Amino acid sequence: MMMREKTGVRNLNVGSIALTAILSVVLALFVAPFALVIVNVFKPMSDITANPLAIIGKHGFTIDNFIEAMDKMRFWTVASNSTFITVLATVLTVVVSAMAAYVIVRNPQWKLGTILFSLMIASMVIPFQVLMVPLVSVYGGIFHVLNDRMTLVLMHVGFSVSLATFMFHGAIRTNIPMELEEAAEIDGCSKWMTFWRIVFPLLKPTIATVTIIDAMAFWNDYLLPSLVLGRKELYTIPIATQAFYGTYSTDIGLIMAALLLAMLPILVLYLFLQRFIVEGVTSGAVKG
Amino acid sequence: MKTNKLSYRFGQYSMFAGPAFALFLAVVILPFLYGLYLTFTSWDGVSVEKPFVGLGNYATALADRAYWDSLGRTVIYSVITVVLVNVVAFALAYAVTQGLKAQNLFRAGFFIPNLIGGIVLGYVWKFVFNRAFVSMAEALSHSGSSSSLLSTPNGAMFCLILVSVWQYAGYMMLIYVAGFMSVDQSLKEASLIDGCNARQAMWHVIVPLMRASFVQCIFLSTTRCFMVYDINLSLTKGEPFNSSVLAAMHVYNQAFVYKNYGTGQAEALVLFLVCAVIGIAQVFIGKRGEVEA
């Protein structure tokens, strides 16, 4: 690392300037589709059709697309549904996975736990397509619990505990010294308190990683929510976008606004949490 | 006394692991087994009765030309996408670990497509292909009637691949960046002192040490490609003339659009077998790599 920083100073030469220039062009190409949406959101439809590439259309600047799309896709309702589902499912995943991983790591003699944990790891190759028909059939046809945000939350958790438990398992095994826990127990902590007071706080880096990876997955998921949530007032952002496109596909200005509305929350969040998100995904990559 | 201790243990175990295991069993294992059962029935999705048809669904699946077409298409799509994603991601990762001033900005920027869900990305690109590219082509050729890439079968597949590469490259780049960072710089320097040129050091020292990153990226991108649905739905919807229906979409349509739940489920199981083979191969290669490294 030291080495690299030193050479970094010396490398302020033609090579690194050229590389920066090339990467800037590539980055511009990477974000061009988003820029195109942003440019067209503020144009009336006739200007979009006439020239989608122009930065400002003949008829000037308008925010009508926004106002109308917000109203028609019920933006605040779907955004709050997405937020509720994402936050609750992420918190539950982190909590139940960390607890499960803890008891599995510390009790290797527990056969059932080991078997179920192996089953979890093996299940990671099951594509969702194999589970969607039985899920709908069991939870819709037999238990009648579809069309409920809580059902979706619990399903999200059930699908993501495998990877999360696996990641916490690795973190607890390698990073949490037994001595700390023993000391806490001598001081009179129960297992429950030892876990919450000593182990859980030490898992912060893994908690961050799991939170970022799962929150992004839950927020963006389309297929599972579309199967579980059929009622309009329960829609999440991806389902609402899909439904909106189906209804207004010819009104291109409205579509642009809806797409920007769908992207905006997470782009804004990324602006603030960018460093953590990139780090979280990277460390998840190393462990996962 | 012993039973007391046992029940205490059981209480501890279920308190900590109970919720995770219960949800996992309820959402993954139970539906998986129930799905196996469904493949032997001809269920219409509504009635209580699920008539037993033995291996009938598997026979139907085997004879379903459209299914095999969609699987073949998925294989072609996956091979091209996986190769391109990894080449682009590796090149980007290499470029953003050269100590450039703005390297963190680039890392963050290339990751942006992964923030947005596939449905939204597909519609954004639909606009780019149908409007922006068409308008660009018209401006360049001075004729008023260019058609969209999405309107021809090969064009639609090309668009799917382009968008997938664009989406996944930034994610895989981060994994390769982590791989580059984990390579001990002194090994690279030693090889340079021993007379390697930069390219030789890359191929013979750095790349072998990054084996784990390669295995992981290839596995991740392959499984994602085999299960892709969102982008397929919003970008092409399988059109034109069902020429861009990938396996996941075919399975979905078979079950939920044509209401052939049994056949759809049997076809989904075949998809599962393909994914399982890829998964097992990944574990196998990964383990072998660990021994070598």
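In case you wondered, yes, glycine gets a Cβ from its N, Cα and C as well.
If you look up TrEMBL, you'll see B:71-282 marked as domain 'ABC transmembrane type-1'.
Under the heading transmembrane segment, TrEMBL lists B:21-40 (among others).
Annotated transmembrane segment per TrEMBL: B:75-96 (among others), in sequence order.
According to TrEMBL, the feature transmembrane segment maps to B:108-125 (among others). Residues 92, 96, 159, 163, 166-171, 173-174, 228-235 of the same chain, all 6+ positions outside the transmembrane segment (B:108-125), place their C-beta atoms under 8 angstroms from a C-beta of that stretch.
What TrEMBL lists as transmembrane segment is B:155-178 (among others).
Feature annotation from TrEMBL assigns transmembrane segment to B:268-285 (among others). Long-range contacts of the transmembrane segment (B:268-285) within the same chain: residues 35-36, 39, 61, 71, 215, 218-219, 222-223, 226-227, 247-248, 251, 255, each at least 6 residues beyond the stretch ends and with a Cβ under 8 Å from a Cβ of the stretch.
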Sort out the residues at least 6 away from either end of the transmembrane segment (B:155-178), same chain, that have Cβ-Cβ distances under 8 Å to it, and list them. 73, 76-77, 80-81, 84-86, 88-90, 92-94, 96-97, 107, 110-114, 118, 121-122, 125, 129, 148-149, 210, 213, 216-217, 220-221, 224-225, 228, 231-232, 235-236, 239-240, 243-244, 246
Sequence-distant residues near the transmembrane segment (B:21-40) by C-beta distance (under 8 Å, 6 or more away from its ends) are 50, 52-55, 57-58, 261-262, 265-266, 268-269
